[in-house]
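Lifted from TrEMBL, the feature list:
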type    : residues                                   : note
BINDING : ASN27, LEU29, GLY54, GLU76, ASP102, ASN123 : S-adenosyl-L-methionine binding site
DOMAIN  : 34-211                                     : domain 'Ribosomal RNA adenine methylase transferase N-terminal'
Amino acid sequence: MSIDSLPPLRDVIRDHGLSALKSLGQNFLLDLNLTSKIARTAGRLDGLTVIEVGPGPGGLTRAILALGARRVIAIERDARCVAALAEVAAHYPERLEVIEGDALQTDYRALLVPDERAIVIANLPYNVGTPLLVGWLSADPWPPWYESLTLMFQREVAERIVAAPGDDHYGRLAVLTGWRAQAHIAFDVPPSAFVPPPKVTSSVVHIVPRPAPLSCSLKALERVTEAGFGQRRKMLRQSLKSLGVDTGALLEAAGIAPTERAERVTVEGFVALANEWVAMRRAGADQDVSVASS
Ligand code: SAM
């Protein structure tokens, strides 16, 4: 049974000449049971505002609307898809707004009424998935403008998002995600579910922001994880040298063994490193000032 009385997605694609463009990461989902499963992963939608990135021919958009979202704001770069979505907008009057634009350049907070928080659901274009996620996790102010993110990534990227210390995929993305949010892989989607099929398996990841992450400067956290994972197999007393402070003292202050490697340090450990690094640099700058003025 169809979720709405709109034409099958194959007809939409044919009628609007939506040949998939690799440059826009276009791998479309045509099975409305699958798009409904993705939309349901986000939780209750009725009465809520959903932001969708890259609606394409509208398979996921239709599922989100059928599940009762009050308002869907869909951002799409491809003008051909924007035209194809007009029929969906007409079927759900006043509920679907399609913006032709680049999701990387979008001011999401400006799309919402003050204090409103959106649910984000997207089958992301693979070429911009990671930068989009990093931008959303770096939102300022925090808590962010979204209540949750339900996103399709390549399986390998999904593993880098949810990895724990000691996992092969543990790195900067897992530390940023773990600091600001809780994330898990909801389910995998085989290449055969997409048109055209990508080369690899995909995964739907569900991410819920922490209301109060451990206190830490984002820039400092980025800097220490960049240094640590830049030489992930080296001991931290060596890999952190580019931070320009006494690495032995830094690691001791953060309560981490100098022989430890980045791939085994917890999110809490990196937050401690970032905070101690800021404190040491501040103390160093104060000393410079007092030497200069004496
Ligand atoms: N949601 C549709 C589906 O599941 O069938 C399409 C998903 S397809 C993987 C990614 C979509 O994102 C495409 O429609 C593509 O045109 C769009 N897109 C690519 N880059 C974009 C960007 N920077 N901003 C907004 N949309 C983009």
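Numbers here mean position along the shown chain, with the first residue as 1.
Every residue gets a Cβ built from N, Cα and C, even glycine.
Just so you know, TrEMBL annotations never went through curation; they're auto-generated.
Keep in mind the model is a prediction, meaning the values are calculated, not measured.
Feature map: TrEMBL annotations on the structure.
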residue	record	Cβ within 10 Å
ASN27	S-adenosyl-L-methionine binding site	19
LEU29	S-adenosyl-L-methionine binding site	21
GLY54	S-adenosyl-L-methionine binding site	25
GLU76	S-adenosyl-L-methionine binding site	24
ASP102	S-adenosyl-L-methionine binding site	12
ASN123	S-adenosyl-L-methionine binding site	28
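In the predicted model, residues of the domain 'Ribosomal RNA adenine methylase transferase N-terminal' (34-211) average a pLDDT of 97.
Largest Cα-Cα distance over the residues recorded as binding S-adenosyl-L-methionine, namely ASN27, LEU29, GLY54, GLU76, ASP102, ASN123, equals 21 Å.
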